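Listed in Swiss-Prot for this protein:
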TRANSMEM  20-40  transmembrane segment
TRANSMEM  42-62  transmembrane segment
TRANSMEM  69-91  transmembrane segment
TRANSMEM  123-143  transmembrane segment
MOD_RES   Thr187  FMN phosphoryl threonine
TRANSMEM  215-235  transmembrane segment
TRANSMEM  242-262  transmembrane segment
TRANSMEM  267-287  transmembrane segment
TRANSMEM  301-321  transmembrane segment
TRANSMEM  322-342  transmembrane segment
Amino acid sequence: MVFRIASSPYTHNQRQTSRIMLLVVIAALPGIAAQTWFFGWGTLFQIVLAAITALVAEAIVLRLRKQSVASHLQDYSALLTGLLLAVSIPPLAPWWMVVLGTGFAIIIAKQLYGGLGQNPFNPAMIGYVVLLISFPVQMTSWLPPYEIAATTPDMLDTLRMIFTGHTASGGDMTLLRIGIDGISQATPLDTFKTSLRAGHSVEQIMQYPIYSGALAGVGWQWVNLAWLVGGVFLLWQKAIRWHIPVSFLLTLALCAALGWLFSPATLASPQLHLLSGATMLGAFFILTDPVTASTTNRGRLIFGALAGVLVWLIRSFGGYPDGVAFAVLLANITVPLIDYYTRPRVYGHRKG
């Protein structure tokens, strides 16, 4: 009998990084389709720009670091970073914004720390926050869903808007944001926060066209449900674990329910929190990043719950309408501490 001597690890996971990343990209297709349906071609163009920028930036840095370009690009991590950033920004944002944000995410937030597996913060959310802080007007200029939009740009006008800022007829973002009621539109969360500050009641706000006949805003609830479908696919394929999305969504729902129960005149309802903004995208595609999330099961539950609390606090009392990106980055900071106190006890040893 011949014995083969080998070093650890003695058990192997057949699912490579590239396969997991590819599964996440596939799972994102329903969300991308929904955003394209309700907000136009801009989402697809932003994804293409972000993907090209991510791959080029990654290749340049890898070449400078004298590492294999082909092998690293084939793990699809750069592609996924670009995709997540692209679907997070307004579809008609200027082309240079997605290029700048994606380049910052890849070069500064990922490669500067040593590349995949070394970055402490989610690169896509770093890129998003940099853009949001630097260009708040452009980053909050979402088009109204086609159902309540007075004007919807076609494919060519979308390209012109992204690269020139104007349509063929001379229209600009101000014109395209006008809804059927003749008023400039914003996202449901942004509308809710802005209207409350203006002294409007929740009952009045819910009569706005953006909420007409919808639980959490026209179009946005379907976009979130589409991302939920993709998230369920990831759970089914075991590409992610259930702990983070479940604890995040339950905690966000609990905080929203308690807040709405005690102050229904000033705080948003649970369904608005769960089915608007980037809730489902954050729960299944961003918070579950294996590099920047907690690595223990108890830690994942704590990590997700912490992010849920932070999202509710930022949305309810902060200066930004949607707090997913900030919540993710703040939760990333706590990961080493969470992992330290939730690491499993070594078999045969007592807790020290």
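Residue positions begin at 1 at the first shown residue.
Glycine is no exception: its Cβ is also placed from the backbone N, Cα and C atoms.
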Positions whose Cβ lies under 8 angstroms from the transmembrane segment (20-40), at least six residues beyond its ends:
47, 75-77, 79-80, 83-84, 87, 91-92, 142-143, 145-147, 152-153, 158, 219-220, 222-223, 225-227, 229-231, 233-234, 237, 239, 280-281, 284-285, 290
Near the transmembrane segment (69-91), which same-chain residues lie under 8 Å Cβ to Cβ, leaving out any that are not at least 6 residues past its ends?
16-18, 21-22, 24-25, 28, 31-32, 35, 39-43, 45-47, 49-55, 57-59, 62-63, 97-98, 101-102, 105-106, 110, 115-116, 123-124, 127-128, 131, 138-143, 158, 278, 281, 285-286, 325
So if I exclude everything within five residues of the ends of the transmembrane segment (242-262), which remaining residues of that chain have a CB under 8 angstroms from its CBs? That is, six or more out.
231, 235, 268-270, 272-274, 279, 282-284, 287-288, 293-294, 297, 300-305, 307-309, 311-313, 316
Between the stretches 42-62, 215-235, 267-287, 301-321, 322-342, which one has more Cβ pairs under 8 Å with the transmembrane segment (123-143) than any other?
322-342
Below 8 angstroms Cβ to Cβ, which residues of this chain, lying six or more residues outside the transmembrane segment (42-62), approach it?
32, 35-36, 68-69, 72-73, 78-79, 81-83, 85-87, 89-93, 95, 98-99, 101-103, 105-107, 110-111, 115, 143, 158-159, 161-162
Tertiary contacts of the transmembrane segment (215-235), as residues 6+ beyond its ends and Cβ separation under 8 Å:
23-24, 26-31, 33-35, 38-39, 144-148, 187-189, 191, 209, 241-242, 245, 271-272, 274-277, 279-281, 283-285, 288
Going along the chain, which residues at least six beyond the ends of the transmembrane segment (301-321) come within the CB cut-off of under 8 Å?
132, 140, 186-187, 189-190, 192-194, 243-252, 254-256, 259, 267-268, 273, 277, 279, 282-283, 287, 293-294, 327-328, 330-331, 334-335, 338, 342
